[in-house]
Each structure stands twice: as structure tokens, then as C-alpha cells.
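Positions annotated as substrate binding site by TrEMBL: B:Thr148, B:Lys170, B:Thr181, B:Glu261, B:Asn380, B:Ser385. Annotation source TrEMBL lists active site, nucleophile at B:Thr181.
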2 protein chains.
Amino acid sequence: MSVTAAAGFTAAGVAAGLKSTGKPDVALIVNGGPQKVGAAVFTTNRAKANPIIWSQQVVADGVVEAIVLNSGGANCFTGSFGFETVHHTAEQVARSLGVGAGDVLVCSTGLIGTGDATFRSRVLDGATRAAAELSERGGDEAAHAIMTTDTVPKIATVSRDGWTVGGMAKGAGMLAPGLATMLVVITTDAEISADEANQYLRDATRVSFDRLDSDGAMSTNDQVTLLASGASGVRPDPASFGAALSEVCLSLAEQLMGDAEGASHDILIRVIGAANEDDAVTVGRSVARNSLFKTAIFGNDANWGRVLAAIGTTDAEFDPYDVDVTMNGVRVCTKGGPDRPREDVDLTPRRTDIEIDLRTGDAEATIMTNDLTHAYVHENSAYSS
Amino acid sequence: MSVTAAAGFTAAGVAAGLKSTGKPDVALIVNGGPQKVGAAVFTTNRAKANPIIWSQQVVADGVVEAIVLNSGGANCFTGSFGFETVHHTAEQVARSLGVGAGDVLVCSTGLIGTGDATFRSRVLDGATRAAAELSERGGDEAAHAIMTTDTVPKIATVSRDGWTVGGMAKGAGMLAPGLATMLVVITTDAEISADEANQYLRDATRVSFDRLDSDGAMSTNDQVTLLASGASGVRPDPASFGAALSEVCLSLAEQLMGDAEGASHDILIRVIGAANEDDAVTVGRSVARNSLFKTAIFGNDANWGRVLAAIGTTDAEFDPYDVDVTMNGVRVCTKGGPDRPREDVDLTPRRTDIEIDLRTGDAEATIMTNDLTHAYVHENSAYSS
């Protein structure tokens, strides 16, 4: 059900010819209220796509009526024509729904530089048709319409105490810090204010999407959006709602990791014993971005030396000669020296657990990443994005 | 001739059984004087191998009699036994030459964690035999003995005004900032002081090895050493010597780039129009480290969007919507928008020139890197290092 699991929302996904495959490529999600609360976090890349520039303005007042998303073209670095396309798209949706264009978010994903007149007319056509096909059961179609190299749609739902949080995500490459090439829409029928939505979303993304670092590359188009309708009539307990939102975000992030381009291992790098959480994240990310570590895991090689070489490049608080490394339950390195033989580690399962004990403090964090494989190189050299 | 091109130096390379192939794996270079000047720069990785920790102390007083290097084992994260091995190796060389162990540099390269009793006895045996085989024509054997996954030895020589600078290098992966997995030894018979040697070396590495970023990974064992004998009896013109040393370093760096593991393109990323040199380096490095850009070049895809997405992650001074990108002479992006069609770019040659004009100032820098290929993944998943 994804984005239509929560009461008050309708959605649709249509094929507008943006994808050469003819598959659905335009999604629309509409908040029927009674509240029209919206919050979003965006890529921190300074090279922001036109939809990002537009959406940052739309969400500023906390009021969002609808969000329209397309795959098949990023509308990034497409100049003023591309920005006008975003504006026209929002206006088209607004007209169809009888709302203001300034309350319509726009997201795009696909090849940078794609955003010509053909692109524009297809997006506008798709938006119009999607508005005509809105349904309370449209969540799955919407989730399909935002897929690019994704092999499966990503959806998650949590219901508690009379309210529901549901979401959809796309993203299979360029999954990186402070957001991945991902588009995520999460809806809820809980009663929350715009300020609360903003804070809940930032708290949840910080420990989920922000900890996913598939290939270190940061997209120009990333956006994670939370829409709240208040249709349940229930004001949620803050801790309960925060936990539910985090659960949905983490589930979606794990699904993104599991479908990352060409990956053969899902790697969870858990850093414990850190002086603080920032240090734990820094150390985990340095390993997640190390090409030599990532190729070693692809080769089922428990190469703990590459782990230590990676963390040695950080400024986190620890002694490189007092670090333990455990791989899939086998401690291969104790206090910066060899422990059990690397051959004892079974790296054949897809799921790979790396634990790094910095032996400095009590903080911890887990970074999600993937291995670096032949298939990754193939997909990203043969497929333009 | 490499390290024995300059007068006053002898060298040798022997096979000590550290490499399973039986190829030469221990090199020794001895400075016959009259001056015994030495300077070195080291990896900035906090996880430093035992030879690095030793060599940093040796070079502190600017006096170096000899340098012994081995491939076939990094002697990193090998505990106090590994450090003792370094100490014993320096003592063995010192005894053979009748000098002090505190004036003998030690370098190792190979698999992290390798440094057991067998390793020690083979290194000691190799050092002894190398000392017995020292020759004024031993430079080439030494260059061969430090090779790991290198397919060819790297050597360079420049002679001017009565003095000579010659060098050798190894390194084919983990070529990264602030030094690569590289061992480099450069010798000269010019008359220079220890302070001068140190400054000359830092100036030259800053614009050569420090601008080589093959895969973003930083080694635990990197060391670039300059030895000066003064045997020419000529005190060089500073500008002329600096230029000659830079020429040798740049030649060796280019040879490292050309032999990087699995690469099919040598990529020179020239950043112009920067506010300052640091910005130019930062922008160039962000592109050099972007896996999506590197796979696109492997796929002969002039994907300028990935260039802009990479530089957008930096804090350098520029406007992402006022940047030009030229690939192999074809300007594909003007002011952050499409220019000539990407299909016009011929990326089939191995050498690939990327020019990024930040249109902000007059500074520039060139970063050397490689593409990300199937062969890179294969070498680094199948070969432990």
C-alpha cells in the first residue's frame, strides 16, 4: 500500500513515455487532508537539480497539497528551460486538483542533462493523466513509477495506536552521505504540525538514510518527503511516532541497500566503543567508501588490514593499535594485530557484519553499504545516469 | 639506471623468497658520500606500518647511509615482533656496511598483517645478500625488487649542469592523496643540505605524487625518500634543481598512473579558473574519487553530469551553474548546461583529458587518476594486499 496506507492519501502511477521501456514513469501523491502538512530533506550537493530548487521553496511554509515525481530524466543542469518545466508541472498538477502551484512538490530522477521540450511535454501529459487516475489503492503503482535501475519497488508500512506511517523509495546507485540518489515519500494520517513533521523527519533520516553509503557518490536530486493528513484524528505519542517513522525509514534504507546496483554483499559496518556518535559514523563511512575493502568483500576475503588502513585516514578518537575487528562473528584483529585466521571467516552469505571496536568510549553507529563488484562497474559504465 | 644514475650510489636487488613467484623482493641502496643527506615524506595515514614508524625516526637528523626495501609483506599491524624485525633489518644492513643502524631507512610493501618469523628471516637473509651484491649498476635490479602488482618497473633520470637526479618507484593500487601506496627512492649527486633536501622534496611531491589519486585509498606504508651524496661536487642552482626533481617525481607519478591496477584510461583532470590552488586540487580530487564518473569513463561515456555532481560536493569557490566542462577537447557543458553532444567526444584513447573551468579565478591544478574497471575489481578482489 505504501503511500496510500495512511488515511487521506490518494496516488497514481502512469507511463508517460519518459522511460524507453514504456514502464510507468510519473507518480502523483495527493494529500486529501484535513491537514496539509509537509516536510522534506534535500541533497546537500551544491549542484542541485531544478526540482530540488523548486521543492525547497514549496516546503518552506510547511504546507504541501501534492507531490509529483518522474523517473526517466533528472531535469538537472537543464538551464532556465528546465526550471520552467518544473514550474509548469506544478501548475499542471495544481490546476487538476484545484490547489495552488506553490503547494506542489516536484521530484525527478534519471540522467542529468535530460530536460528538453519532449521531456517537458511527456511529464506534463503524465501529470495530467496521473491526476485523473488518483486512487486510495494507487500506492503500489506510484512506487513502481519512480523506479530507475531498481529491480523491485521499495515500500514499508507501520501502524500503531490508530495511525499509520507508510512510504515508498527508489534508489539503486549513488547511495551516499547526507542522502543517496533516492526519492522517498512517506505519508501519515497522524495529527502532527509542520514543525513536528520537520523534526521527526530529520531525526529519522539521520539514523537511516544518512547512514546508507553505497558508493560514496552524492546525487543532485535526492529528496525525502513526509506528508501528514491528520485523517486519523489521533495525535500520536511523540516517542511512539518517532520510532514508527524511523522504522519505516530504516526498512526503506535496508531495501535500498539490498537492491544496490550490482552488489553481491549487503555490508553492515557497526562501530562500537567510539568516543561519540559522530566518530562512529566517520569511522564506519571511511570503511564503507574504501574501494579496496569493498572489492575484498566481493572476493570473500576477510581483509582486516584494509579496514584498519581505511579508518586510519579519519580524525576520529582512537588508537590504531588498540582496535578490534570482527567479521561475521570471527575476531580477526585484536588491538591492531592478527587474531583468528582470516580463512576462518565465512563471507559467502550476502549479509556481511563487520564490527569495529574503537575501545575508546560507549558510542556506536551502523553504516550500511555494499561491495564493489564487476556488476557495479558494468551497470555504471553501460547505463547512463 | 634509476637510483644509481647519480654518482656515489650503489644498489642491489635480490630474491629472498618473500614473493611466491621467486622474483627479486629485497632492494638495498647505499649512499657512498661524501655527504650522507636524507629526507623523506610519509603516508599521513594514522595506521602506520612498522617501517614507517622506524624510518620517521631515522630521517629526523637528516643523515641517511642506506635504505633497504622489501616487497612481499607490509610488516604492518604485526605488533612488537614486527617492529623488532624492522630494527633487526636495519642492524643487519648497518653491520654489513659498517655504519650505524640509526642511519638506515627501512620500507616494506605487500599484504598488511604479514610479518612472522619466516618473513623476518627472509628479509634479514635478503638484506645480507643484497649488501654483498651492491653495484654502481644495481639500480635496475633494485627497481625490480620493489614491484608488487606493478607490471613494469618505474624509473626516471634527469641530468643538468654536472649533477644528476635519478629515481625508482613502485605502486599500482591504493594510489591516493597525500601519497599513494608507493615506495619511491630518489638519489642525487648534487650538493644540498638536509634542510634543503627536505624542502625540495616537499615542494616536488606536492605537485606530483600528491596529485595522483588512483582509487582514493591511502596506504599504511607509503614513503618517498630523497638521498643526496654530493659526489658531483656541484652545488646546484635552486630553481634548476627544484625543476629537475619535480620532473623526476612527475615522470614517476605518471608511470604509476599508467600502470594502475586494471585501469584502461589514464585520466588527467585539469581544473582551471579556480580561486586558488587548493580549490583546484579539491575539485579535481572530488572527480577523481567519484566511482560513477570513473565507471563512465571506462564505458567511454562522456557523462559530464557526473562531473558536476562530484564537484558539487566540495566547498570550493565556484557557482555550479557557471562551470564549463571539456572532455578530450570537446566542450560538453557550458555554464552548467549542455553544450556539444556527449556523443561527439572520442573516449577510446587511453589518455583522457578532462578540463573543468570554474570561472572564478586564475589558479589551476591537475589531478591524475584512472577509470574504474572490471579488471580493477578483479585484481583487488582476487589479490590480497
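Including glycine, each Cβ sits where the backbone N, Cα and C put it.
Around B:Asn380 (substrate binding site), a 10 Å sphere centred on its CB holds 29 further CB atoms from the protein chains shown. In the three-state DSSP scheme, B:Glu261 (substrate binding site) is classed as coil. Proximity to chain A (Cβ-Cβ under 8 A) holds for none of the binding-site residues B:Thr148, B:Lys170, B:Glu261.
Classification of B:Thr148 (substrate binding site) by DSSP places it in coil, neither helical nor stranded. The Cβ of B:Glu261 (substrate binding site) has 27 neighbouring Cβ atoms from other residues within 10 Å, across all protein chains displayed.
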